[in-house]
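What follows is a single structure, written as structure tokens, with notes after it.
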Amino acid sequence: MLGLVRHQFRVHPLGVVLVVVNALFVSGVSVGVPWLVGGLVADLPAAAAGGPLGAIGLEFGGLVAVLAAQVVVSGTQEPVFQDLSLRTERDVLARLTRLFVAPVRIQHLEDPDFLDRAHRVRSRLWEINQGLMQGGIALTGLLTVVGATVSVGAVVGWPSALLLVAAALEVAVIRAVLMRRELDQWVGATEHQRHAEYAFGLATGLAPKEVRVFGLADWLARRYWDQMSLSWKPFWRKRIHNSVWTLVLDGIRAAIAVGVVVHVVRAALRGGLAVGSVATAIPLVLLLAQAEIGGLPLFVRGAAILADLRETERIYGRPMPESPTPPVDSAVRTPGHTAYAPVAGGTHGRPPTVTLHDVTFTYAGRDVPVLDGLSLRIGAGENVGLVGVNGAGKSTLIRLLTGTVRPDTGRIEIDGVDLATMSDAEVTRWQRRVAVLTQEFCRYPLTARDNVTLGAGRLWAETDRADLDVTAARSGALDVVVGLGAGWDTVLDATYPGGQDVSGGQWQRIALARAAFGLTRGAGMMVLDEPAAALDARSEAHLVERQLALTSGITSLVVSHRFSVLRPIPRIVVLEGGRITEDGSHDDLMAAGGTYARLFSLQSSRLFAGEGR
């Protein structure tokens with residue numbers, strides 16, 4: 001529990017102080033008002049008989065002041081909790097995001113343990129927020145119980161006070177158990193919840209045409225309802241069961257309170273208690289009978305989730321920051337980003353020599369390696385094409401080259417330095433030297449300008465219109481930008497005001513321009529993975545024309561299943577069976593009559609057959 005308190009104090013120290021002050025004030029008012037009322041009742045007869053009014057004035061003034069302050073405090077209580085919850089949510093999600101994106105390598109993103117831990121924290125964030133609120137309520141209730149118990153003991157007697165507090169604590173403990181079981185029931189129904197979320201995502205996601213064409217709308221709505229019902233039904237059965245127990249417990253607690261009130265009234269009738277003491281005692285007894293301290297389990301659960309997050313950070317090498325997570329507008333200016341400034345505006349960096357020595361790589365959960373003893377050298381400034389059938393390991397090779405995953409065995413050297421021996425900062429600097437177009441490139445809902453300049457390896461890199469136009473023209477994206485309503489300032493998403501959607505082929509040219517922009521900001525190597533996958537024949541022909549110009553003077557690797565894209569490249573290698581099996585120019589490989597020649601002939605025959613039809 002102390003972990004959650006420390007976390008809250010780190011995230012929002014003033015908020016924690018305000019919660020504690022609020023708990024002290026509310027509990028103090030709850031216990032103090034009966035004393036003021038009792039004093040006022042006790043002093044009224046004397047004042048009515050002509051005695052001094054000073055005591056009554058002080059007590060009445062105290063009541064008015066307390067009630068006025070209570071109105072003010074009650075109005076600030078909810079905003080304080082909301083602010084604390086929002087800051088906590090921002091901090092937890094920022095730290096969770098950091099776990100995903102901060103490591104220079106991405107193998108943890110395919111680790112089931114990491115993904116399970118991240119899902120637990122993300123899906124149970126509401127328990128942290130509920131824990132904060134219930135923790136504040138429980139603290140107020142606990143302080144109220146202590147104050148009311150001491151007060152009842154002083155006015156009525158300790159046997160009555162101890163009986164009331166024992167009933168309050170017993171009810172709190174049993175309620176805590178019931179609440180824990182209820183929450184466990186809901187959290188344990190994750191399978192049905194995932195099915196329901198998946199159906200909801202399909203119905204509201206990015207495939208509206210398919211949903212309608214295949215008549216899936218009613219089925220998805222029914223699927224969501226059925227799966228959520230399977231989640232809710234056992235939960236509500238548990239809640240109804242707990243509600244019955246709660247009624248029983250509250251009945252017992254109320255009966256004990258009634259018994260103590262009867263005792264107070266009988267004592268007053270016998271002359272053992274003054275009228276003022278009765279006026280003080282009865283509200284205090286009722287206060288003890290209603291005090292709520294059963295929310296501690298939620299506070300404990302919230303602390304456990306934060307402990308899970310800290311453990312995940314410890315395992316995956318991203319410890320908790322020493323200071324609160326900065327706002328987004330300052331987070332983008334951290335030292336890690338300023339280090340990515342262009343080394344020479346408008347020019348590419350020094351082209352590296354990349355060498356792979358006997359590299360083997362196997363994905364988690366598989367027995368057969370994707371790459372098995374692969375060796376390849378790409379000299380500084382050399383252009384190399386890579387061809388292979390689907391599943392040969394071409395994209396895996398790109399992951400290894402860019403340092404996002406480590407090989408099982410073997411070495412990957414950059415200018416003679418093994419990637420495996422580099423620090424995270426050195427790997428990051430290497431990644432900034434590589435301009436990459438992947439198959440699954442990002443389509444950011446940003447302006448065309450931002451989508452391209454992100455290729456600089458830093459957020460919102462400064463550039464002028466002329467640089468952008470030159471880069472777009474070299475990569476074939478200038479006509480796309482010219483056709484946009486606001487040119488470079490058009491948001492590439494029609495759901496935004498003034499935004500505009502572009503086709504898959506146009507997006508690919510924007511992504512290619514992004515990689516090309518990286519070359520103008522210091523990158524010395526370009527890696528293109530299926531650069532023509534979404535292009536039509538005309539655009540593909542233009543890409544082939546520009547490809548050699550783009551990669552002139554830099555180290556490059558072009559991966560494609562379209563031989564028209566690879567044919568002009570001076571050196572082509574074939575990836576088969578987890579290793580490089582053929583290496584040479586197009587003419588050399590065709591003369592050798594191996595896998596390359598067979599695949600080229602097969603693709604050409606299909607193309608010519610299509611043209612004949």
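Glycine too: its Cβ is placed from the backbone N, Cα and C atoms.
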Candidate ranges 132-155, 156-179 [criterion: TrEMBL lists as transmembrane segment]: 132-155
Cβ-based contact of the transmembrane segment (49-73) with the transmembrane segment (132-155), 3 or more pairs under 8 Å: no
Long-range neighbours of the transmembrane segment (244-265), counting only residues six or more past its ends (CB under 8 A): 152, 156, 160, 163-164, 167-168, 171, 174-175, 178, 273, 278, 281-282, 285-286, 288-289
